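K.L.:
My structure is below; once you've seen it, I'll send some questions.
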Amino acid sequence: MKILGIDTSCDDTSAAIVEDGKNVLSSVLSSSIDAHKEFQGVVPEIAARKHLEAILYVIDKALKDANTTLDDIDLFAVTNRPGLLGSLLVGVASAKSLAFSLNKPLLALDHIAAHIYSPHLTNDIEFPYIALVVSGGHTIITEVHDYGEYKVVGTTLDDAVGEAYDKVSKFLNLGYPGGPIIDRLAKEGNKEAIKYPIVLLNGIDEFNFSYSGLKTACVYSTKKYLKEGYEATNENIAAAFQISAIEPLYIKTLKYAEKSGIKRVTLSGGVACNSYLRDRFGNSKDFECYLPALKYTTDNAAMVAGLAYHMKDKQNFADYNLDCFSRVLNKKYNKNKSAK
């Protein structure tokens, strides 16, 4: 079965064709990141306009790269939640137009569930497992027992980890997006030269995260370090920041693995391309970790089309009333049953 997936949840416009859930025939992405650099973050209005400019191109290229025509597509799939509403509308409108004009079925999927699926594209993973989703908009620990179904165990109470990277990079005038820049600088830095706090919440928040304090500490502590003559170079700041940003992810994931007895863990989301994070989890002796290929860490439509193959018999197909949502329909437990 050939499925054409579309994702326009944030600032990347993507289309992909996947056969039988795992055989990626094509995966095309158009990034609008250059248009957002001067603003040091994603501007929703600009993102939506860039999607309009790119959507037909990425769909057409995905078909050509897969040596496939629209008539060969058995099912269309699109993310309709969560994300920027203006961005989501472009993908949903395009998918609806294609599906209904060709009289083909359409599935609406959860963007988070698609990220959770991304390691499945290159790994054979047994259920249950713990999925850590880390990006500029999300920092979530979930327990996964089946495709498209996940229970949120912990989330961020303020900034997402990727957002913290961007804000620290902005403070240091390093550029946007901050994640790749800080990751690169950290490799040249001394993580022991300066220290930032590792924030670990307890009690009812034992599996939740907080990154606003780390961001503030980087701003004020760095100024203090510079005054007191510490080696607060950009490289050392980046190395110290990475430790404080990544360690809570590992510690809390391990803590939930021990509590639940689940010893399989997956990483997904844009921050999953971070080299220190991949090494920390990938080399773990505490649990078995499955990593997505680097090309499937950021937003992409291959993960959408792949998940759709497994969801086609589990949820209703979408109709003309398909809408978009900025948030996950049910924060605590998502079963993908209500896609409309």
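Cβ from N, Cα, C; glycine included.
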K.L.:
To which of D279, D286, D299 does Swiss-Prot also attribute binding of Fe cation at the site defined by H111, H115?
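P.N.:
Candidate listed by Swiss-Prot for the same site: D299.
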K.L.:
Let me know which member of N67, N274, N283 Swiss-Prot also records as binding substrate at the site of V133, V134, S135, G136, G137, D166, G179, D183.
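P.N.:
For substrate, Swiss-Prot names V133, V134, S135, G136, G137, D166, G179, D183; of N67, N274, N283, the listed one is N274.
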K.L.:
Test of understanding: give the count of other CB atoms lying within 10 angstroms of the CB of H111 (Fe cation binding site).
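P.N.:
By my count, 25.
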K.L.:
Quick check for the class: what is the C-alpha distance, in angstrom and rounded, between D299 (Fe cation binding site) and N274 (substrate binding site)?
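P.N.:
Cα-Cα, rounded: 15 Å.
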K.L.:
Enumerate the residues of the same chain, H111, H115, D299 excluded, that satisfy the criterion Cβ within 8 A of the mean position of the Cβ atoms of the recorded Fe cation site; list them in sequence order.
P.N.:
D7, S9, C10, T79, G83, I112, A114, S135, G269, N300, M303, V304
K.L.:
I'd like the Cβ neighbour count for G137 (substrate binding site), meaning other Cβ atoms within 10 Å of its Cβ, all protein chains included.
P.N.:
22
